[in-house]
Ligand code: HEM
Ligand code: FES
């Protein structure tokens with residue numbers, strides 16, 4: 001509005017330039033370390049490869065059975081074989097179900113009929129977590145969601161399992 | 001001899017006022033346990049600082065043997081614990097000190113709380129104190145993984161799952177802490193080591209400096 005010219009004083013000019021230059025220097029200094037620190041978050045997650053778990057499809061019954069297999073795990077610069085497990089069975093619709101045994105409460109290992117008091121359920125000994133046969137958590141016990149479900153496929157009559165997928169809350 | 005060295009330095013750079021300003025001031029009667037024994041509650045802040053000094057010194061020496069590598073971390077701790085003369089003691093200092101420091105911090109906080117010493121004008125220092133508390137918890141959490149035994153591994157597993165429960169950013173937070181979206185492994189150990197030994201101690205120093213400067217500025221709160 002005012003008619004006067006907006007004067008930039010020598011002091012203001014120096015302040016702006018020095019702040020600007022300083023800002024660029026700080027940014028230049030920090031950008032690479034920060035990008036380096038957050039790299040794990042930005043890396044694409046590895047697509048789950050399928051592994052033969054050594055169980056013939058014809059041997060899968062309606063009774064959950066535990067299968068153990070090994071996968072090649074790449075952890076940064078460290079490659080190793082690690083154990084995986086699943087509880088495998090056929091449900092009422094004759095579909096293959098492969099449930100992760102990792103308790104969705106705090107990560108202990110659940111087992112089928114792991115407690116004599118709770119037949120026909122998965123049981124977690126750590127805090128008495130319980131799940132129905134389809135892996136759905138039983139309300140009133142600590143777990144907050146169903147057991148994870150492995151992706152599966154069948155090749156030459158053998159069961160292959162991939163990544164364990166999170167299912168929605170019950 | 002020492003006096004001469006001191007005088008020589010003092011003559012050139014006049015250091016007497018500097019250390020006087022830091023160290024030479026009266027302790028008010030109401031915080032002096034020699035006057036009222038119950039004033040021992042004022043000691044917990046200083047005791048917290050003392051244990052932090054122990055943690056830093058013992059930690060620096062542990063780092064001479066410790067390696068943050070999943071093949072060797074456990075072995076290096078085992079070695080320093082069993083083969084190195086006095087290694088057991090230094091590890092013991094760090095191990096027990098980590099718990100004692102939290103206890104002292106809590107006692108100090110309780111004293112400030114129940115005396116109402118956090119009230120105006122000292123609210124800022126209460127906030128700084130809360131940040132110190134979080135940094136200390138972080139040090140305990142990251143340090144606990146370092147021995148890389150079963151207890152360490154599963155404690156971290158649980159801690160990371162707790163972090164994952166944070167709304168919206170939980171999964172990113174977990175990956176950022178663990179260095180991998182699924183694995184608690186080689187990259188987790190190096191990250192936790194860096195955080196434990198460099199990042200959090202640096203933050204702690206800054207916060208402690210702020211804490212003490214504020215105390216000098218505002219003085220200790222008056223008697224009840
Ligand atoms: C208030 C400060 C600190 C706290 C509360 C703390 C806490 C811990 C804890 C709980 C452990 C696990 C020890 C065990 O289970 O035996 C640990 C290990 C370790 N800390 Fe610290 N720490 C602190 C400061 C430091 C500093 C400043 C350094 C290094 C400069 C350091 C270096 C280490 C190392 C190398 C280990 C692994 C050796 C071992 O497990 O015994 N710490 N710390
Ligand atoms: S970990 Fe399974 S019930 Fe708590």
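Backbone N, Cα and C atoms are what each Cβ position is placed from, and that goes for glycine too.
Note: TrEMBL annotation is automatic and uncurated.
For B:5-224, the entry in TrEMBL reads domain 'Cytochrome b/b6 N-terminal region profile'.
Sequence annotations record features per position, and here TrEMBL assigns transmembrane segment to B:39-67 (among others).
The annotation transmembrane segment is assigned in TrEMBL to B:96-114 (among others).
Per TrEMBL, the feature transmembrane segment maps to B:126-146 (among others). Beyond the ends of the transmembrane segment (B:126-146), by six or more residues, the same chain brings 55, 66, 68, 73, 77, 94, 98, 101-102, 105, 109, 112, 118, 152-153, 155-156, 159, 188-189, 192-193, 195-196, 200-201, 203-204, 207-208, 210-211, 214 to within a C-beta distance below 8 angstroms of the stretch.
Positions annotated as transmembrane segment by TrEMBL: B:193-215 (among others).
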For the transmembrane segment (B:96-114), distant same-chain residues with Cβ under 8 A (at least six beyond the ends): 41-42, 44-45, 47-48, 51-52, 54-55, 58, 126, 129, 132-133, 136-137, 139-140, 143
